[in-house]
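Participant: Could you have a look at this structure, given as structure tokens, before my questions?
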Amino acid sequence: MGLKKACLTVLCLIVFCFGIFYTFDRVNQGERNAVSLLKDKLFNEEGEPVNLIFCYTILQMKVAERIMAQHPGERFYVVLMSENRNEKYDYYFNQIKDKAERAYFFHLPYGLNKSFNFIPTMAELKVKSMLLPKVKRIYLASLEKVSIAAFLSTYPDAEIKTFDDGTGNLIQSSSYLGDEFSVNGTIKRNFARMMIGDWSIAKTRNASDEHYTIFKGLKNIMDDGRRKMTYLPLFDASELKAGDETGGTVRILLGSPDKEMKEISEKAAKNFNIQYVAPHPRQTYGLSGVTTLNSPYVIEDYILREIKKNPHTRYEIYTFFSGAALTMKDFPNVHVYALKPASLPEDYWLKPVYALFTQSGIPILTFDDKD
């Protein structure tokens with residue numbers, strides 16, 4: 001045990017020294033360094049405990065912002081970890097940063113599981129976790145992320161609250177129902193175990209005493225009787241009234257982060273006379289034959305703004321498997337359709353998603369995706 005502590009101490013010192021490099025690191029918003037955390041540890045240790053919220057996507061940041069609004073006066077530290085960095089991520093990170101006491105953006109362009117990234121990043125996260133003041137609650141959506149376990153294992157007595165990460169919380173094959181973290185390579189697995197001890201996905205799931213869901217009336221994988229389920233409406237369209245739809249029709253295809261969807265998306269756009277594509281926040285490719293909607297807003301926020309400006313326009317939203325279909329289906333003047341390529345086999349992995357759309361009253365439109 002003495003040797004393990006000594007090794008961890010040396011590791012902490014090394015990572016802390018390298019943390020100085022991030023003091024003026026614009027890529028990480030200048031707050032990935034450990035200086036601010038060290039100040040808290042030294043001077044605010046006896047203050048009010050903090051709440052940690054971990055986010056990996058823009059949707060998760062939206063949920064986190066709503067959770068924070070329910071606890072005015074409490075201290076919140078937000079940690080965003082993402083392989084992506086673009087206008088949308090910056091916009092929503094700055095939104096939540098303004099409402100949190102501290103916010104940290106870990107931009108990991110090559111992903112955490114890359115060999116050269118994993119060990120230094122996990123060590124850095126462990127050091128940062130130990131520099132935090134007292135932690136009261138930890139909120140997270142991505143139960144399968146071993147990076148969060150670096151914090152969970154440091155504060156095993158903190159309350160754990162979970163929240164939705166899109167349709168993954170509505171499908172029984174979700175990775176959130178797994179038991180152990182997926183870490184490739186013996187060296188990385190052993191290092192992860194040193195950083196997180198015996199923490200696991202199952203331990204996180206079982207420790208959660210409350211789950212926030214953004215989907216009303218749909219069976220959630222976290223709704224197993226072990227915890228309180230709290231509905232958290234994410235997008236408020238209550239003040240908008242349905243118009244007579246005499247102002248024309250706007251058809252929008254929701255993009256996908258998967259590059260292999262490019263060709264099939266272009267065929268769908270042509271088949272259904274779709275004029276616009278709303279790129280997925282993690283999408284890096286464009287589509288020909290349609291106009292790209294360049295906006296810092298996610299599609300739900302964008303559409304709500306458009307409805308206010310054009311209350312008599314009919315909006316048709318087309319998607320392959322985006323969870324935004326479920327969050328927008330009840331917006332006034334909005335009609336959502338799920339696209340199903342005819343070439344998909346019956347046992348394709350999207351089958352549960354289409355079943356979910358059907359259950360929610362979203363029409364499934366099959367089209368010929370072959371020339």
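Including glycine, each Cβ sits where the backbone N, Cα and C put it.
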Participant: Please state which member of GLY255, GLY289 Swiss-Prot lists alongside ALA278, PRO279, HIS280, PRO281, ARG282, ILE299, GLU300, SER322, GLY323 for binding CMP-N-acetyl-beta-neuraminate.
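Facilitator: Of GLY255, GLY289, GLY255 joins ALA278, PRO279, HIS280, PRO281, ARG282, ILE299, GLU300, SER322, GLY323 in the CMP-N-acetyl-beta-neuraminate site that Swiss-Prot records.
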Participant: Once near-sequence residues are set aside, which residues in the chain of SER322 (CMP-N-acetyl-beta-neuraminate binding site), 6 or more away, have Cβ atoms under 8 Å from its Cβ?
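Facilitator: Expected: LEU254, SER256, HIS280.
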Participant: Looking only at PRO279, PRO281, which of these binding-site residues has the biggest number of Cβ atoms within 10 Å around its Cβ?
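Facilitator: Neighbour-count leader: PRO279.
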Participant: At the Cα level, what's the spacing in Å between ILE299 (CMP-N-acetyl-beta-neuraminate binding site) and ASP258 (active site, proton acceptor), rounded?
Facilitator: 18
Participant: Determine, to the nearest whole angstrom, how far the Cα atom of PRO279 (CMP-N-acetyl-beta-neuraminate binding site) is from the Cα atom of ASP258 (active site, proton acceptor).
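Facilitator: Cα-Cα, rounded: 11 Å.
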Participant: Max Cα-Cα distance in Å among GLY255, ALA278, PRO279, HIS280, PRO281, ARG282, ILE299, GLU300, SER322, GLY323, the residues listed as binding CMP-N-acetyl-beta-neuraminate?
Facilitator: 16
Participant: For ILE299 (CMP-N-acetyl-beta-neuraminate binding site), just count the other CB atoms lying within 10 A of its CB, please.
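Facilitator: Summing over all protein chains shown, ILE299 (CMP-N-acetyl-beta-neuraminate binding site) has 23 other Cβ atoms within 10 Å.
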Participant: Hey, does DSSP put ILE299 (CMP-N-acetyl-beta-neuraminate binding site) in a helix, a strand, or just coil?
Facilitator: helix
